[in-house]
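The structure appears below as structure tokens.
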Amino acid sequence: MARSGPSRSRRATQPLQPSQSQRSRPARDDEDDESNEEEVGEENEENDLDGDLRQDRGESEVSRKANDLVRLALSTEHKRAALRRDEINKKVLGSNTRSFTAVLEQAQMILRKTFGMELVELRSRAGLEQEDNANADGEERTGLKKKAAAAGSKTYILRSVLSATIIEQAGLTDADILEEEAVDMPEGDDDEEVYRTYGSIISWSHSDQLQAIGILYTILALILVNGKALDDLALRAYLKKLRLPQNASVNFTTISTHKSLSIDSYLTQLIRQGYLDRHRVGDNAQKKRGRAAQTQGEEGAAYEWRWGTRAQSEVGELGVARFVAEFMIERMMEEEAEDSEEEGDERAAKKRAEENRKKVEAMMKAIQRESNGTLSDVK
């Protein structure tokens, strides 16, 4: 007797139904995939966080070293010494010397924004001599001279980035400042020199050594107008005319470590600071540098004085030449104004100002001729 139910043919064509365990396996696989994706996402977030932390630590390390470099530069500049690259590596960078560029860039930002200064690499002495020789040969005027490849000396100084207008305004006398300085002025001691107050934002009497700087700029000007090289005996003769014989003293303010120095000691200090350079000339010249000798001893050896690399980068030949020209013409115009009866006439004042400008230009051209070449700006 045949059993009821679907026939064999119907059973053969009917699709097989998955079991319960088979139906739950894809669901578990989806859950595993989702959990794996979540784990991968969490790992990526952790990696990003670690990267951010490492970047933050790197940036903070650069900032710290940049601040250290700023402090080192200010301390070195206070002594008027040049900051050497190996000293930066030793005291600031340590073993991570490859971060020098990043640290220097951030230190420059701090110096410019906070102190109005920047670190400048001094030119090498060999590069400056190469450029001077090329100018003396006239190659620059004929267009044949290529720019001298003056390699850096890996020594740095601080130089102001303030505009000339700001410095000029800061040097003007203000009545209120002058009154406050007079009140704060200590009573002079018989043993101490009382320095003059100027009533300006820039405190000339305390922040700078006026007498020493005045002598330095005078020497730089004398070297410049004598063909950029001055014989030692000629320099001594000039200083004697200025009442600065060999036994004279150069006085400093109370902030200096020395109350005074002899002329020879001061010249030696200027060599050490890089403002002046002393060469041995003549037969068997060895370009010997060092202490300033009082005479041309040492078996008749002759010496000459030139600008040092610091003077080239801090002052510049154009700056000294313009200072000399304006100083000379200003004195001449003051004498003429005292003798003139038209001093109060506005038209006459404009005429004198125009004459003053033309005379300064003529004086600049004369200084350039005497320097035996072009006048370079700060390098």
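Placed from the backbone N, Cα and C atoms, the Cβ positions cover glycine too.
Feature annotations, reproduced from TrEMBL:
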type: REGION; residues: 1-64; note: region 'Disordered'
type: COMPBIAS; residues: 14-24; note: compositional bias 'Low complexity'
type: COMPBIAS; residues: 29-50; note: compositional bias 'Acidic residues'
type: COMPBIAS; residues: 51-64; note: compositional bias 'Basic and acidic residues'
type: DOMAIN; residues: 62-122; note: domain 'MAGE'
type: REGION; residues: 334-379; note: region 'Disordered'
type: COMPBIAS; residues: 335-345; note: compositional bias 'Acidic residues'
type: COMPBIAS; residues: 346-362; note: compositional bias 'Basic and acidic residues'
type: COMPBIAS; residues: 369-379; note: compositional bias 'Polar residues'
Quiz item: Along the domain 'MAGE' (62-122), what average pLDDT does this model show?
Solution: 94
Quiz item: Per DSSP, how many helix, strand and coil residues does the domain 'MAGE' (62-122) have?
Solution: 45 helix, 8 strand, 8 coil
Self-check item: Tally of DSSP helical, extended and coil residues in the compositional bias 'Polar residues' (369-379)
Solution: 2 helix, 0 strand, 9 coil
